[in-house]
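Worksheet for the structure shown next.
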Amino acid sequence: MTSDSTTAPRTDASVFEGNVAGDAAASVAVVAFNVALYTAIRYAPEYLRLLGNGPIVIGLFGSSATLLAVTVPRLGSVAEQLGSSAAPVVGALASLGVVCWLVAPQLGPTDGLRSVALVFVGLALIESWQAVGPETAATIGVVPQRIRDRVPQVIRHARTPRYVALLAGLPIAVGFLTLISPAITAIQVVLGLAAAIGLTTTVLLAVLDEDEIPAASANSTTENGRSDGVTDGETADDETMEDGWIAIRDEPIRSALDSLRSLPRSVRQPLVGDALVEFAVGMVSVFLVITVTSVLKIDVTLFGHRLRPDAFFSVCLIAEMSVALVATGPLTRLTSRIGRERVVAGTLLVGALFPIALVSAPANAAIVAGLFAAFGLYRAGLPTRHAFVDSITTGDDTTTETGAANDISDDRRGYRTVRAALRVPSALVGGVLYAVSPTLAFGLATVVGAVGVRELLVGVTRLGGESTDTG
C-alpha cells in the first residue's frame, strides 16, 4: 500500500513533465518550420530565376501564392473534420511541397515545363499549412491552455514572436548562402533543411495525444468568431508574399463589395488609398530578391566572409525585421502625439516610395540595407493602420491598436476581403512590367502607391471636415 501511494504521484508528475516536454518540442519545431517556410518562400523567386524562368513566370508564382493563401484558409472545415490529425497532415503536405521544390531541377532542362510545374505544385502543398493557422503556431497555438496561460501577454502578440523567430533563423540562412556555392545549391540546402524540419514537426505533432492539440489550434473559432490564437490584426495585408502567409475571414466578395459601397465617400477614399499602396507593394514584393541579386548585384564582406548577393538579401531582411520589431511600439505611442492619420500616411508613404528608392539606389550595401530597414517602418505601422481602418469604418475614434485586434466590424471585414482579392493580380502585373524593365515596374509601383497616399489624405481631410460640420 505504501508503495502504491508513493509511486502514483511520481507517475502523474512524470506524465505531466513528459507532456510539457512534448509540448515544448512541438512548439519549437512548429515555429522553426514557419521560419524555414518563410525563408523558402522569400527565396523562391530567385530559385525560379536560377532555374531559367523570367519575370512573368515569377510574377505568376507570386499571384498564385497570394491566391492560394487567400483561399486555403477557407478550407478550415476540412481541418476541423480532421481534428487533432489536421496539424500533422498539413505538416506532411507542406514538407512534401518543399521536397517538390528541392527535386525540381532534376526533372529535366532547367527551363523545362516540368520543373516549373513541380514548383507550383510544391507551392500549393506548402500553402496547405495555412489550414491550421501558421500564426497560431508562432503564438504557441499547439501548446495546451495550461502552458499558454503562463506566457506573458506581451510575447503572445502574433507579430512579436514571429519577428523574433525570423531574426533568430535568418542568420542561419546567411551562413548557408555564404559557405555553399553555387547559389542554387545553397538554396537547395536551405530547402533540404526546411524539409527536414517539416518532417520532424510532423512527427512531433503526430505523437501528441488528441487532448494535447485542441481543436481551436487547427482552425476553429471562438465565441466572437475569431480564430483562436489569431488576432484579427493579422490580416491579409499583414503577411502577404513578404511574409509568406495570408489569412482572411470567409467573406463573399459580392457581399464585401456591397458593404463597402454603403460607406460614405469620405470613408471609402482612405480605404482605397490604403488598398492602392498594398497593391503597389504587391507589384514588387516578389521581385525584391532578384532585384538585389541580379540588378543591384551587391556583395559585401562581413566578419571576414564574402557574402554573395543572395546572402546579402537575408541581411536586408534582418534589417527590415529588426526595425519592424523595434519600431512598432514607438509608432503606436506616436499616434497620441501627432494623430493616427499622420502616422498612417507616413508609413504608407514609406511603402509607396520604397520601390523606386530601391531600384534607383547605387550598388552600396549600407544604402540598400538602410532602405530595407526603412521599409520596416511600413511593417511597424500595421497595427496603427488596422486601428485606423476600424475606427473610420465603425465611426469610433477611440479604437486602439489593441482594440482593433479584439473587435472587427462587418465593414472592415468586407474591406479586408476586397483588398485581399485585389492583391492577387498585383505580382503578375508587376512581372509583366518587370519583363520590360525593372525600373518601369518599380517606378509604376511607386506611382500607384503615391496615388494611394493622396487618396488617403484627401479622404482624411474630408472626414475631418465632416466631423467639424457635425460638431
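Cβ from N, Cα, C; glycine included.
Remember, TrEMBL labels are computer predictions, not curated facts.
Feature annotations, reproduced from TrEMBL:
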- 216-237: region 'Disordered' (REGION)
- 20-41: transmembrane segment (TRANSMEM)
- 47-70: transmembrane segment (TRANSMEM)
- 82-104: transmembrane segment (TRANSMEM)
- 163-180: transmembrane segment (TRANSMEM)
- 186-208: transmembrane segment (TRANSMEM)
- 271-291: transmembrane segment (TRANSMEM)
- 311-331: transmembrane segment (TRANSMEM)
- 343-375: transmembrane segment (TRANSMEM)
- 432-453: transmembrane segment (TRANSMEM)
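Tertiary proximity for the transmembrane segment (163-180) is limited to same-chain residues at least six positions away from its ends with a CB under 8 Å from its CB atoms, namely 31-32, 34-36, 38-39, 43, 138, 155, 186-187, 189-190, 193, 305-308, 310-311, 314-315, 317-318, 321-322, 324-325. Here the transmembrane segment (432-453) does not lie next to the transmembrane segment (186-208) in space: the count of CB pairs under 8 Å, restricted to residues six or more apart, is fewer than 3.
Outside the transmembrane segment (343-375) by six or more residues, the chain places 273-274, 277, 280-281, 283-284, 288, 291-292, 295-298, 300, 312, 315-317, 319-320, 322-323, 331, 334-335, 381, 384-385, 388, 438-439, 441-443, 445-446, 448-450, 452-453, 456-457, 460 with a CB less than 8 A from a CB of the stretch. Non-local neighbours of the transmembrane segment (311-331) in the same chain are 39, 42-43, 46, 159-160, 163-164, 166-167, 170-171, 173-174, 177-178, 186, 288-289, 292-293, 298-300, 302, 343, 347, 365, 368-370, 372-377, 379-384; each lies 6+ residues outside the stretch with a CB under 8 Å from one of its CB atoms.
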